[in-house]
Structures are given as C-alpha cells and as structure tokens.
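Everything below concerns the one structure shown next.
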Amino acid sequence: MRAPAGILNLLLLSLLAGLDPSKTQISPKEGWQVYSSAQDPDGRCICTVVAPEQNLCSRDAKSRQLRQLLEKVQNMSQSIEVLNLRTQRDFQYVLKMETQMKGLKAKFRQIEDDRKTLMTKHFQELKEKMDELLPLIPVLEQYKTDAKLITQFKEEIRNLSTVLTGIQEEIGAYDYEELHQRVVNLETRLRDCMKKLTCGKLMKITGPITVKISGTRFGAWMTDPLASEKNNRVWYMDSYTNNKIVREYKSIADFVSGAESRTYNLPFKWAGTNHVVYNGSLYFNKYQSNIIIKYSFDTGRVLAQRSLEYAGFHNVYPYTWGGFSDIDLMADEIGLWAVYATNQNAGNIVISQLNQDTLEVLKSWSTGYPKRSAGESFMICGTLYVTNSHLTGAKVYYSYSTKTSTYEYTDIPFHNQYFHISMLDYNARDRALYAWNNGHQVLFNVTLFHIIKTEDDT
C-alpha cells in the first residue's frame, strides 16, 4: 500500500520488533477508536478518543474496545517516535511519551484480563479512516514551520488524555457518529496541509534501519515511488553482473519473510547496481554497453532502449567501488535521471533528465566532480547529492542543483554500518534512502528543509 513519509519505516520497525503486521490489525467494526496523538511541549503524551454508547449488556464489549484503543495509541506512539528521529529538538519528548504509553498499556491490560469478547461490529468504517489517517500524522509533525496549525491539532489531541483518565475508573459512553465525523474532519485538514508541502533541501541522514540480510556484497532493492496506495511491491536484484533474474515481493513484510511472489527473466544481463523502478517499469543499464533498457513488469517486454551518448561504461567511469557502476539511473519528485561521465567532460559527472517513455535526454548538466571520486549519488528534488566514499566514514560531500546550475560542498555524515555501500537511492514516496550495505538491505531516513506554502503565497 502506498503511504506518505515514514509509514514504511513504521512497518519496518514493527517487523524488526518481531511483530507480524497482519496480526496487529484490529478486528472489524469494534471498539474504542483513536483519531489523533501527539505530545505537548513538556513531552507528555496527548491523545484524543471517543467511546461508543454504553448499555447494561456491553461492559465486556467495552473491554475489547478499550484494548483496541490501547493498540491504536501504541501505533500512534510508534509513528511519533519514528517521526522525531528526524528532528533532534523533539527527541527527548518522544522518550517521555514512550514511557507514558507503556504505563497506559499496563493499566489497560489489567482491565482487559477481567472481561472477554461479546460483539464485533459497528466500527469498520472508522477503522479504515484511522488507517488512512495514521501515516499523515508523522508526516505533518515533521514540518514544524506551520506551528499554528500543529498547535490546533495538539489541542484537539489533548482532549483524549482527559477521556483516558476517566475510563481508567469506569468505561463511559460516547456517540459513534460524532466520533466518526471528528475523524473525517481531522483527516481532511491533515490532507489539506500535506498539499502545501514543497520540495526540500537535504539537511540530515539518520539510521540505518536494517530490513534484511541476504544476497552477495553487491546488489539493489527498491520500490516504485509512483505506485498506487495499494501497491507496495519490492524488487530485488542480486549482484552487479552476470545476472538477469529480478525477484518480486508483494510487500516489505513478504520481502523480509522471503515470500517471493514472482520472478522475471530479463532479456539482457544488467551492469552495476544502479537500477530504478519507476511507474511500473524497470530501467537498467545493459551489460557491456551504454544502452538504457526500459522493461515493463506488467507485459514482460522491453518498451524502449536507447544509447546514452558518450557515456562511459564497463568500468571506464565507475564509482569508487567499481562494479560496472558507470551509469546510475534514479528518480525523484521531478522525474527520471541518469548520472554518468564522459570523455568530453573529462570524466566528471554529467546529469541528464530523461523522458520516461522514450529515454530521450531532455536536458543535461555538466559538473566538475570526478565520477571516479564519488562513492554513490542520489537525486532529491532536482539536486544531485554525491558521497565521497563507499567505505566507513562516508558522507555527502558535494551537491549540484539542476534548478540553479550551481554546486556546493556539503558535510552531511551518515552511518555506514556494514562498511561497504554498493547502492544508495532516494525514494520520493517514502522520503527515505534505500541502500545495499555489504549484503544488508537497509533504509536511511532523510531530513529535508521544507517550505510550507500558505494561502498568502502567490
């Protein structure tokens, strides 16, 4: 399922904690429901809940609903925790919130032990709304510049704390329709705020989160940044040469468990590890050539192929680790890109924007950074970020903006946990860096400096 920023990391944290996401869902149409959660300036957990109407025969059912409320509160706590990894300023607040949530968990479980299930209906629609709403809250919280709107949301969320205090003594009653309407209204406001987000500048890289250990030292794994909300397929391509097999998994959970759904036998061997899946097609560099191939997963056919004029190939201008990494294909919020080097540019990096259908070069930028001195590179919002090494101590050292045709030297470190990176690509849907780190498939969170448009902006 496609999700906004950070939702993939939520699933991964759940998997790494040994949980099965398919078993953490709440049963349909039942229970107390959370519609929002955050923290106040003192670091306390602030939540908002509304309970359904109570009658003399429903105390056991309310217990189950209370347990479901706890699960919602825990899920939202995890969302906030992942979110605040990106902002050092809020880190201590998240730790305090986690402690308070654990205290609530113990109290709710004590109540749960005394009551058993009675009914399972009425709340499926509300649950679906909440499932859509949860990913939006951590994304919104990242963009602190809209402080006034965040304050309003926190005030609404603060109401939940009062309700929770009361239901620890006695389960109360609340109208379901009113709760449903409040969730819908909050969802609408959050989505409106999301639409104001614009591209940002890379400020920080955190992590990594280790998703899986598999394959050789070199390879690539990826998801499609343009996939629909219900499509969260993962593609896996082991090794940098002498291979044509692409493995597909229906979800991150299946990828971690090894539940392969399909394999594709490409018509050509690939070169390097710098492939990209974009809008349902795989783009890769054909072995021993500077030809780019567009391969459709839906039809199993090559839709286009084109030579990248003057581009070096077969270890003429690779990254520092070699591996036929001469041509790096990537995608960002703007579109499809190729990064390579030519003799005409003295072996320095060339950036080309490509037409995703025909692979025609739309425009190119010549930089002054030697391709052989780059560890890896990736595009975010039309800016190329280049690392200075693939080994321990690597950092983002250089950036080039295609918008202004200017460059700058940067100093953005990141943790090369397994000592050898052979693939590093940005995914605009997940706002994360996918990496292949010495046989480990890992994710890095990125912190971007964003400008949120207001109604006064022209």
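Glycine residues also receive a Cβ, built from the backbone N, Cα and C atoms like all the rest.
According to TrEMBL, the cysteine that forms a disulfide bond with Cys381, out of Cys193, Cys199, is Cys199. Averaged across the coiled coil (59-121), the predicted model reaches a pLDDT of 56.
Just so you know, the Cβ of Cys381 (disulfide bond) picks up 19 other Cβ atoms within 10 Å once every protein chain is counted.
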